[in-house]
Amino acid sequence: MESMAVATDGGERPGVPAGSGLSASQRRAELRRRKLLMNSEQRINRIMGFHRPGSGAEEESQTKSKQQDSDKLNSLSVPSVSKRVVLGDSVSTGTTDQQGGVAEVKGTQLGDKLDSFIKPPECSSDVNLELRQRNRGDLTADSVQRGSRHGLEQYLSRFEEAMKLRKQLISEKPSQEDGNTTEEFDSFRIFRLVGCALLALGVRAFVCKYLSIFAPFLTLQLAYMGLYKYFPKSEKKIKTTVLTAALLLSGIPAEVINRSMDTYSKMGEVFTDLCVYFFTFIFCHELLDYWGSEVP
């Protein structure tokens with residue numbers, strides 16, 4: 001008799017249908033689902049920027065309904081679960097109600113937290129913006145000051161170099177105009193020009209019919225490269241021009257400029273040799289054609 005009484009107290013009532021015991025939990029679950037759907041829809045509208053005309057009244061009504069629901073949930077007491085087991089079956093209605101209530105409370109708390117994160121108060125956003133702007137302003141001010149100092153130092157150093165180069169140019173111009181310092185041809189330079197002229201005569205007289213005229217010239221240039229170390233070297237004065245001054249001011253090292261100028265001078269010497277070689281060859285060719293036409 002006692003077991004039957006416990007069963008009737010903790011289980012279902014005899015006059016109520018079987019589905020009416022779970023109606024309260026189902027209602028709470030349905031309310032919770034609707035709230036989540038409404039919250040998600042509102043968040044999407046906020047993100048996308050859509051605002052309905054009656055959005056303010058709806059938000060106020062929704063906040064009031066949320067407060068009422070939370071009060072109801074707090075007022076509801078968790079049903080006690082009997083420890084007795086009737087006919088080997090555990091009492092499940094109390095546990096389901098308890099789980100539903102706890103899940104609902106957690107869901108409302110999570111929803112409130114998400115709302116607070118997604119829609120922060122205007123004062124906090126303004127404070128964050130001001131702090132970010134201040135930090136960025138400090139960083140930009142420091143970087144601008146450092147950049148201005150570095151740029152000023154670099155400008156002063158280049159200005160000093162430009163003044164030195166200007167003095168060198170001014171000192172070199174009068175000497176060039178007076179003609180006191182004349183460029184002296186070194187012995188190796190004269191030897192190169194004479195050798196190119198003689199080679200052109202020999203090629204026109206003997207080799208032109210059987211060999212290309214460029215092969216002897218290239219062979220002569222290779223021979224000059226080997227004979228260069230046996231001739232006395234003359235000191236070459238490097239002139240300061242506007243181009244070298246501009247290169248120095250642009251930050252290129254002086255060693256690189258000297259090497260490039262040395263390379264260009266060697267290329268100029270080879271080009272001069274080639275011009276002498278071709279001029280002599282063509283002159284000899286024209287003379288031979290003229291003499292051949294006169295002789296019967």
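If you go along the chain as it appears here, the first residue is 1 and each next one adds 1.
Any Cβ shown, glycine's included, is placed from N, Cα and C.
According to Swiss-Prot, of the residues SER23, SER55, SER143, SER55 is the one noted as phosphoserine.
With respect to the membrane, ARG189 and LEU248 are annotated on the same face, judging by the topological domain names in Swiss-Prot. The number of other CB atoms found within 10 A of the CB of CYS284 (disulfide bond), across every protein chain shown, is 18. CYS284 (disulfide bond) falls within a helix when secondary structure is assigned with DSSP.
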